[in-house]
């Protein structure tokens, strides 16, 4: 029995540390699956399991706990950056600008409400209170990376020992999850939303706004202007991307290239962006019913095949510069990336993991498949080098000091902000540096969740020793109440403005608010309320900038105000 006692009490042994984390994480994840009213805390329950372990004395050396905490945070924020990077800059296009401004407004209001509660309900002469309110802020908005960034910034302000802000986070988090959903529901009644009418509006918008979905149609050339002109000339005149995947001329079916000329009476199988279809029909000729493309395909061995880009050499190359049409006699008609179908524009940059629809003679399609790779097995191999190169550069970047007048210490993005920014840039522009950034969704989620639970477990274990004195016998109820105010007031203000002033669809607002608070349970509730993708679109539009601002403002607040 001595060996069991030693295993649980010898805090210096590697086995004890491994057992500590295994128990805390396993218990936290398991309990996090329990739903109350259809809502669960998810992996965040690991924090509470860690607090309990720390409170009863089941702990480890502070240096090891700090290392695991920081490494988990780095891994977590880096994988988030890799995930949101490809869509970060695109999120500012079209209606995304307004949604992101509303999201940024909500983030600013969260901070203002936090300061309001601090000055109204707490002793401002106590230097511990404002850091605790920062922890409460990030529990109220359910943002764990922000907690990590604030925790790290506090080490610069309190080099001899930073306050344990995880206790404020733990107090505010449960009501934060409930408050986000509750305030979103309240907006529905404040603005008198008709859910059926909102869904009908989405149906109408979906029909009228096809974005860049590919559209197939058979056309007969009846415009005499086109006679004798090439596909490239027609495309340039229309100022629209157009792919002609089949041509019927004098009874013969062929795969046209950019130099192929058309004649009146030719029949074409055209692929274009759905929004361009009417303009192309008006210019070339009417849409017709045709079966010849399938009949001739069987005779001439034409095939349509979906090919996966797996060769690193293809990463970042544009479709137009590959000359598939002129060299191999095949056409790329559409590209699928992360489950989304895209029109095959000449300016499209290939990324490893893209699924490309190629049409042409079977032998030539096979040659193109060899060029692109088309090896599913290769995709399963993780690109470890890119991840750790990015982490290395991110840590160096995060360690650079930026001197700002009026701040007690130089601003550093730290191990949270630095890797996040570098990961976003690699996710978006990595192909220019020949970095393969593709990671399967499951691999990204696995690394992200491992980093998150390591961070939460470490924070909880370290905070557990003082949790009872700080929360139960201290100002715990104040933190809970203030956290609830921090959660709901910005949602009610921004949600009402988004609805009444900017006329956004209610389901889009639900997704936008869930993304602003980086809160998956709120998104799950929004998705369950709507059969369309509007909540997910709203969430993904604001999530990248929101995550960045949450992490960045955490450090700004701590460095500007907590050190004063």
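Just so you know, glycine gets a Cβ as well, placed from its N, Cα and C.
Going by TrEMBL, these are the annotated features:
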| type | residues | note |
| --- | --- | --- |
| TRANSMEM | 13-32 | transmembrane segment |
| TRANSMEM | 39-58 | transmembrane segment |
| TRANSMEM | 64-89 | transmembrane segment |
| TRANSMEM | 101-122 | transmembrane segment |
| TRANSMEM | 165-187 | transmembrane segment |
| DOMAIN | 202-286 | domain 'RCK C-terminal' |
| DOMAIN | 289-374 | domain 'RCK C-terminal' |
| TRANSMEM | 384-404 | transmembrane segment |
| TRANSMEM | 410-431 | transmembrane segment |
| TRANSMEM | 452-471 | transmembrane segment |
| TRANSMEM | 477-497 | transmembrane segment |
| TRANSMEM | 504-523 | transmembrane segment |
| TRANSMEM | 543-562 | transmembrane segment |
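Residue counts for the domain 'RCK C-terminal' (202-286) by DSSP state, with H, G and I taken as helix and E and B as strand, are 29 helix, 29 strand, 27 coil. Comparison of 39-58, 64-89, 410-431, 452-471 by number of C-beta pairs under 8 angstroms to the transmembrane segment (13-32) places 39-58 first. No contact links the transmembrane segment (39-58) to the transmembrane segment (410-431), because fewer than 3 Cβ pairs that are 6 or more residues apart lie under 8 A. The stretch from 64-89, 101-122, 165-187, 384-404, 452-471 with the most CB pairs below 8 A to the transmembrane segment (410-431) is 384-404.
Stretch with the most C-beta contacts under 8 angstroms to the transmembrane segment (64-89), considering only 101-122, 165-187, 384-404: 384-404. Sequence-remote contacts of a segment are chain residues at least 6 beyond its ends whose Cβ falls under 8 Å from one of its Cβ atoms, and for the transmembrane segment (504-523) they are 39-40, 42, 98-99, 102-103, 106-107, 141-143, 145, 176-177, 180-181, 183-184, 187-188, 191, 193, 195, 198-199, 201-202, 205, 487, 491, 494-495, 498, 529-530, 532, 534-543, 546-547, 550.
Counting only same-chain residues 6+ beyond the ends of the transmembrane segment (101-122), those with a CB under 8 A from a CB of the stretch are 129-130, 133-134, 136-137, 140-141, 475, 478, 482, 485-486, 489-491, 493-494, 497-498, 502, 512-513, 515-516, 542, 545-546, 549-550, 553, 557. Beyond its flanks by at least six residues, the transmembrane segment (165-187) meets 37, 39, 41, 44, 47-48, 51, 131-142, 147, 150-151, 154, 193, 459-460, 462-463, 466-467, 470-471, 476, 479-480, 482-484, 486-488, 491-492, 495-496, 499, 506, 509-510, 513-514, 517, 519, 521-522, 525-526 of its own chain at Cβ-Cβ distances under 8 Å. A mean pLDDT of 75 is what the model gives for the domain 'RCK C-terminal' (289-374).
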